[in-house]
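**Q** So TrEMBL lists these for the protein:
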type	residues	note
REGION	1-82	region 'Disordered'
COMPBIAS	30-40	compositional bias 'Polar residues'
COMPBIAS	46-80	compositional bias 'Pro residues'
REGION	94-114	region 'Disordered'
DOMAIN	138-191	domain 'Pre-mRNA processing factor 4 (PRP4)-like'
REPEAT	270-311	repeat 'WD'
REPEAT	312-344	repeat 'WD'
REPEAT	353-394	repeat 'WD'
REPEAT	395-436	repeat 'WD'
REPEAT	437-478	repeat 'WD'
REPEAT	479-521	repeat 'WD'
REPEAT	522-563	repeat 'WD'
Amino acid sequence: MEEPERLHPSSTTGFRLPSPSPPRIASHLKTLTLNPSSRELSPMENPRPQPPAPTPPMAPLPVPAHPPIAPIPVPPPRAPIPAAASVASTSASAAWGGSGDEVEYEVSDDHRAARERHERAVQELLQRRRAYAMAVPTNDSAVRARLRRLGEPITLFGEREMERRDRLRALMVRLEADGQVDRLLRAQEDDQAARVGEEEEEEQIQYPFFTEGTQDLLKARVDIAQYSLPRAKARIERAKRRHEDPDEDPEAEADLVVKQAGEFVLDCSEIGDDRPLTGCSFSRDASLLATSSWSGLIKVWSMPQITKVATLKGHTERATDVAFSPADDCLATASADKTAKLWKPDGSLLMSFDGHLDRLARLSFHPSGKYLGTASFDKTWRLWDINTGKELLLQEGHSRSVYGVGFHPDGSLVASCGLDAYARVWDLRSGRLFFTLQGHVKPVLGVSFSPNGYLVATGSEDNFCRIWDLRKKQMLYSIPAHKSLISHVKFEPQEGYYLATSSYDTKAALWSARDYKPIKSLVGHESKVTSLDISGDGQQIVTVAHDRTIKIWSCRSSTQDNAMELD
């Protein structure tokens, strides 16, 4: 008996599949057994594809009857919406029975305003991109010329260079958007034609790379060369002799001088002026002392009692420095009234040097005594002939004010220092820049050459004193000398065995030139020490300060033990 039809477990459609009966499968297997008396293989040994058993037809599934769908109600007609406040929707006829009707949606005022803001932002972005893609001149004169060619004002009240360039860019974008490209093209063609004309003029005019000097400067350079070469030769021969002579002992002599420098004591103190003192200088034989002050007065004192000899009146502003001539009986002064003056010690005015455009700082005499160097806040230092009063050289090179100037003992070189944190060494015989002393991080206020001819010391606002070697063109040593800025620096004038510095920390200090160790600290001033000087024999040091006092420091030991040996 056959089993009733049943649903297949994997079927989801509801179709019924017949289940095979076991007796039919058994009878079918019996027909595939091997006959032992026959040599032919049974179908099980040699299988062959058998046709599938026929499947009986299936009865169709009954389709359930659904009730009819009610028609969608048609909305009542509305008033027409203006085009600015509505948008047409896409037709949905293909998806919804092909009715072909279009549905309109109302847009709110907030959405419309947001869309308008977005469109304006996009337009501004596109204009900005076009503006930055345009070739706008970077030179301010070219920007002004382009504005003039476009018929616009070349400048507005309070307008700066970058603002003027931005205005030109916005104007070019506006003209391009308005379709006035021909105006832009004509302006660019005019600019190119003007640029070509300027280039042709520059090619025709061959400018020299140097500034031609006067005949007076040429004579001065020749005179300086004739003066410096024999002195340099004598200095080198003397150094060789001292090095080769077994009787000479430079090390022992240096130790003696350094030991004597450690015995400096305060010998005398005197009120120098009613206003702070700015400069001081010994005469060549140390018999006279000159000081300068903010009052504009220059006072000459006799040594060693510090008795006032004369008062030099002539400057209309504060005096900034004073220096005695190394060869003649005269002295020079610098002032904030933009002038330098040459005086006799008795107070008579010999000459005035006018030409600087700003106040003067420091000054110095050439070793020959024929020339005077002045440093000024007009970013230049100048060389003057004291016999004629003419300006021989106006030297630029510093990016900021020049504060100090000093001459080489041979007279061949001059060093200038300034507020640009650089000191520069110049060759007076050729006018070339020899070496730039680069290492300070703040303004350099003092510079001094050593008598040995190859060392230079600089003092700066960074509280450091740096030693430079002209032979190697590099810095040798950096001394953290003071707690405040270094106002002045000077080598001992005989052999340069020690170095003196003054500072705004109310102290002056002495340093060994061999190992740059401190020797002595000269403590006595109550305010900023502005300047110092050392006598020619090295036995006296003078310092002046904002406390208006002059202080003399001396070695007070046995004369035979403490006298410096002169070669």
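Every residue gets a Cβ built from N, Cα and C, even glycine.
TrEMBL labels come from automatic prediction, so no person has curated them.
Remember, it's a predicted structure, so these values are computed and weren't measured experimentally.
Help me picture these features in the structure, burial and contacts included.
**A** Over the domain 'Pre-mRNA processing factor 4 (PRP4)-like' (138-191), the average per-residue pLDDT in this prediction is 81.
Across the range of the repeat 'WD' (270-311), the DSSP-based residue counts are 0 helix, 24 strand, 18 coil.
For the repeat 'WD' (312-344), same-chain residues at least 6 beyond its ends with a Cβ under 8 Å from one of its own Cβ atoms are 275, 278-284, 288, 290-300, 350-354, 356-365, 367-370, 372, 374, 376, 384, 386, 531.
Here the repeat 'WD' (437-478) has Cβ contacts under 8 Å with residues 232, 235, 239, 400, 403-410, 413, 415-425, 484-496, 499, 501, 503, 511, 513, 516 of the same chain, all six or more residues outside its ends.
Applying DSSP to the repeat 'WD' (479-521) sorts its residues as follows: 0 helix, 24 strand, 19 coil.
With DSSP classes pooled into helix, strand and coil, the tally for the repeat 'WD' (522-563) is 4 helix, 21 strand, 17 coil.
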**Q** Would you mind listing the long-range same-chain contacts of the repeat 'WD' (522-563), meaning Cβ under 8 Å and 6+ residues beyond its ends?
**A** 257, 260-261, 263-282, 284-286, 289, 291, 293, 301, 303-304, 306, 321, 484, 487-488, 490, 492-494, 500-504, 506-510
**Q** How many helix, strand and coil residues does the repeat 'WD' (437-478) contain under DSSP?
**A** 0 helix, 25 strand, 17 coil
